[in-house]
Amino acid sequence: MFARSLALTARQNNALLNHNHKLMRTRNLAKMTHFGYRSVPEEDKERLVGHVFESVSSQYDLMNDLMSAGVHRLWKDAFVHAIGVKEIGGSGLQVLDVAGGTGDIAFRIAKEMQKSTSATSPAQATEPPRLVVCDINKAMLEQGRLRAEREHKAAAQAAAMEWVTGDAEQLPFEDNAFDVYTIAFGIRNVTHIDRALAEARRVLRPGGRFLCLEFSQVTNPMLRAAYERYSFEVIPKIGAAVANDRASYQYLVESIRRFPDQETFSQMIRDSGLRCVQHTNLTNGVVAIHSAVKLG
């Protein structure tokens, strides 16, 4: 009986060892990506990023004001101005705002569409306007819906705003559906930037415009050094003090540093098949507006 017990224990130990070896081999074979400065399996990044934005969603707009001293509002105004809603023709414009979450960009676009629609007769519009906010994070979208009801009801109704849960790498929309694709401070958080860019091109109509607002490489060396210190020494402390969440804001700072510089990201946009690629630096390259066109 004792010998049988020993044999059973040995078999159980061997089985456990084999299981652990298989887990280790699977982890070693798993494709890795970055989450801030950490390396994580690709399948884990979406969940980790989702947790960050669920954590910060209720304080997101306030934190943006505190972290940038309100300058993010000027960046977003410049970004929406670059779309040229009036020039394109806002009366029947089909716009997709990806990673749009709390609606900061979408509400600005909606107001421009509202102005353009009021200046256009119904006969001139080939189709009703449409502004879709798409975000993978339901908590962020809920904040946007609440803001639409409380603060931007008229503009949201004029632009026929929709709120859709969806992944930037697998957009739930048909090919050639939109005139404009925007993404602001979101593309650095996707696992595969190349797939997100390919999806942007897929859903744009021929002649449609891609616009991306994202943190970038500061061009002035002295400003860059000061910005680095502020980012790593101050922003996480603000997150801890105001949102009780230092870790999430530490990730946001690290994700900014891991994002490609202006020229590298511009080439990634070209590689996706988009053309007429340009970028404009704001605040000495703290952020950059990237634009491109789908030619066919």
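Any Cβ shown, glycine's included, is placed from N, Cα and C.
Residues annotated as S-adenosyl-L-methionine binding site in TrEMBL: Thr102, Asp135, Asp167, Ala168. Around the Cβ of Asp167 (S-adenosyl-L-methionine binding site), the number of neighbouring Cβ atoms within 10 Å comes to 17.
Comment: S-adenosyl-L-methionine site residues Thr102, Asp135, Asp167, Ala168; largest CA to CA distance 16 Å, whole number.
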